[in-house]
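Pulled from Swiss-Prot:
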type	residues	note
BINDING	GLY11, GLY12, GLY13, LEU14, ALA15, GLY16	FAD binding site
COMPBIAS	428-452	compositional bias 'Basic and acidic residues'
REGION	425-452	region 'Disordered'
Amino acid sequence: MSGSSPIHVVGGGLAGSEAAWQIAEAGLPVVLHEMRPLRATEAHRTDGLAELVCSNSFRSDDAALNAVGLLHQEMRRLGSLIMRAGDANQVPAGGALAVDREGFSRAVTRALEAHPLVTIAREEIDGLPPASWDSVIVATGPLTAPGLAEAIRGLTGAESLAFFDAIAPIVHRESIDMGVAWFQSRYDKAGPGGTGADYINCPMDRAQYEAFVAALRAGETTSFKEWEASTPYFDGCLPVEVMAERGPETLRHGPMKPFGLTNPHNPTVKAYAIVQLRQDNALGTLYNMVGFQTKLRHAEQVRIFRTIPGLERAEFARLGGLHRNTYLDSPRLLDATLRLKAAPRLRFAGQITGCEGYVESAAVGLMAGRYAAAERRGRALAPLPPTTALGALIAHITGGHVSAEEVGAPRSFQPMNVNFGLFPPLDHAPKAPDGRRLRGPEKAQAKKRALTDRARADLAAWLGEPGLPAAAE
């Protein structure tokens, strides 16, 4: 490989933006190719890099007890642009890290535009990248251009898998009736930049809840195209009406659970179910309906969601929608450094690899950028410890999944959020300071602390090993 020719990154989402940043910070030229605004998608609204098209939440920021919070911490340690921009544009969200989506995208775009080693090319790559590009990271996400997707299928000899992601509505804050609704985080928990009163809560009694569930189940939804009909949903982003169809109590044990919340307007009466809205921009003028991603037709959304107490006069800045997500059978197709086995000049990053979630996509982009930078310099990165959040995620994508052949039954690789189930087990169960065995919640919490403590120690050791690109110093 030539040391002077640029590395190419296709796709300017979270993964591609992070990959390009890591390469440039390692002192190497990189070209970031983004097809917007020349070609729009059904989910994006702007031409900004790293646009958030679904939720504005990066989920929990608790690095001691939560796997995604640990991933946040590891990415910050490795100089993540996505985490830097997220921290600089956070909005209150209880125990979660949520961001002002426009400010976040603007910060990422400006940082990459200002970097002397980054070139942003506004063009579509609708097919295999030219053979002269000897190092390419494909980070085209769930909306990969059809020509490129077909070219990838041709290389791999396999059909890509796909599922649907549904998008939640956003409501204008001033249209919410705060004589009915109230501010409170679940269990009054204050997260990064939060106060413990970061969500707007809309209560329902049993009759209201049952009528709402019935309306969701009867609501008219968008129809599927023939090629979409057999595409499964990802369980972490189910449309609210699909959850309603799974059972009458599913929603009140999911996004509408009433636990940890007290209605100050009527404190002696416990709500049967509660709809929560989370701040969506820094000004606090927009709130998104938590867990209310939907494929209902727009008119149905307005009609049904205005039956929620407090939202009777709701004005919607954006209604919910639906888009298709395509991803690879990565454990079979990719090597340990995210290269396509059939064409090693191509690496993959982000949702197309089968990770799920903004932070996970950016994390895979971060490592793809580092792998590409090390390879360009003729070095090999030491394998990530699978005990770290980054290592556990990469290991799952590139080989940790149990294949159908191994279990003797049909089983497909599915998108995965980072979670402690991906981490190797502890050598010894944690014990209390006095040596006694722990049980119940105390045991679970101690186990999580032990896993995150081990991860921090192992990442520190990995960062001290030779052969890392400059961006990791």
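Cβ atoms here come from the backbone N, Cα and C positions, even for glycine.
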Self-check item: Chain-mates of GLY11, GLY12, GLY13, LEU14, ALA15, GLY16 with C-beta within 8 Å of site centroid, FAD
Solution: VAL9, SER17, GLU18, ALA19, GLU34, LEU49, ALA50, ALA139, THR140, GLY141, ALA349, GLY350, SER361, GLY365
Quiz item: In DSSP terms, helix, strand or coil for LEU14 (FAD binding site)?
Solution: helix
Quiz item: So, by DSSP, how many helix, strand and coil residues make up the region 'Disordered' (425-452)?
Solution: 13 helix, 2 strand, 13 coil
Quiz item: Far apart in sequence but close in space: which same-chain residues, 6 or more away, have a Cβ under 8 Å from GLY11 (FAD binding site)?
Solution: HIS33, GLU34, VAL138, ALA139, THR140, GLY141, GLY350
Exercise. Restricting to the same chain and to sequence separations of six or more, state which residues have a Cβ under 8 Å from that of GLY16 (FAD binding site).
Key: VAL9, VAL10, LEU32, GLU34, LEU49, ILE137, ALA139, THR140, ALA349, GLY350, GLY365
